[in-house]
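Undergrad: Could you have a look at this structure, given as structure tokens, before my questions?
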Amino acid sequence: MSKLKLHGFNNLTKSLSFCIYDICYAKTADDRDGYIAYIDEQYNANRLTEILSETCSIIGANILNIARQDYDPQGASVTILVSEEPVDPRDVDTSEHPGPLPSAVVAHLDKSHICVHTYPESHPEAGLCTFRADIEVSTCGVISPLKALNYLIHQLESDIVTMDYRVRGFTRDINGVKHFIDHKINSIQNFMSDDMKSLYHMMDVNVYQENIFHTKMMLKDFDLKHYLFNAKPEELSAEEKEQITCLLYKEMQEIYYGRNVPEV
């Protein structure tokens with residue numbers, strides 16, 4: 001897409017939101033309480049603030065204000081307002097490719113906010129526990145928040161990820177013509193690194209005419225030891241391992257596809 005000469009400021013709003021899920025099996029009620037306490041501490045407001053602040057550092061944004069809160073009995077929220085940076089549109093790379101990691105060069109972010117909310121929960125009987133983090137990066141200007149995607153998914157290792165990217169509003173060129181998107185995109189996947197894509201099953205549901213893009217991700221490899229809380233596979237019988245594996249797989253399938261799977 002050729003560079004546009006705009007009349008005034010770029011008024012397009014670009015929003016990236018995604019949910020990450022961590023799945024775990026905790027056998028007893030005490031273990032389930034222990035998992036929720038553990039994950040609640042791992043992703044408390046201070047830790048989330050560190051992650052989002054590092055995100056701002058990577059993309060070259062200045063933090064104006066931070067609002068954070070831990071909740072009782074569990075969960076946390078952090079919202080960061082970011083200052084507007086003057087950006088020359090000619091210097092902005094709008095091509096489809098993975099965004100930066102902490103060791104890479106930074107990109108500038110215009111008016112924006114970054115927020116995260118966490119939701120730990122557990123099944124009342126089956127031993128299944130899930131942790132969900134909702135993250136949103138929203139910008140107003142020439143930069144796409146997709147540039148922050150690669151870092152955030154690397155930082156928040158997860159079993160399942162669902163992502164939505166949308167562009168809203170319009171901006172005018174010097175001839176008064178409205179433009180409803182200012183960069184090429186056919187999939188969120190194009191903004192992820194190859195090593196990340198190799199780890200996940202992926203599925204797209206895109207509505208191109210509405211500038212809405214949706215991608216789901218689920219880990220390909222399943223290793224039971226990574227899903228047990230306060231237990232080891234060698235401590236379980238073959239029957240228990242098979243039962244727990246089936247429970248976890250069903251839980252992941254239901255979250256990935258967004259519907260309950262009937263018993264067979």
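Even glycines carry a Cβ here, placed using N, Cα and C.
Copied straight from Swiss-Prot:
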| type | residues | note |
| --- | --- | --- |
| ACT_SITE | SER112 | active site, schiff-base intermediate with substrate |
| ACT_SITE | HIS117 | active site, proton acceptor |
| ACT_SITE | CYS140 | active site, proton donor |
| MOD_RES | SER112 | pyruvic acid (Ser) |
Undergrad: Check each residue in the chain of SER112 (active site, schiff-base intermediate with substrate) that is at least six apart in sequence and keep those whose C-beta is under 8 Å from its C-beta; list them in sequence order.
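TA: For SER112 (active site, schiff-base intermediate with substrate), the qualifying residues are ALA61, VAL82, VAL137, SER138, THR139, CYS140, PRO145.
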Undergrad: Tell me the coarse DSSP state (helix, strand, coil) of the residue listed as 'active site, schiff-base intermediate with substrate'.
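TA: In three-state terms, the residue listed as 'active site, schiff-base intermediate with substrate' counts as strand.
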Undergrad: Name, in the order they occur in the sequence, the residues of the same chain whose CB lies under 8 A from the CB of the residue listed as 'active site, proton acceptor' and which sit 6 or more residues away.
TA: GLY75, ALA76, SER77, ALA133, ASP134
Undergrad: Among all protein chains shown, how many Cβ atoms are found within 10 Å of the Cβ of CYS140 (active site, proton donor), not counting that one?
TA: 20
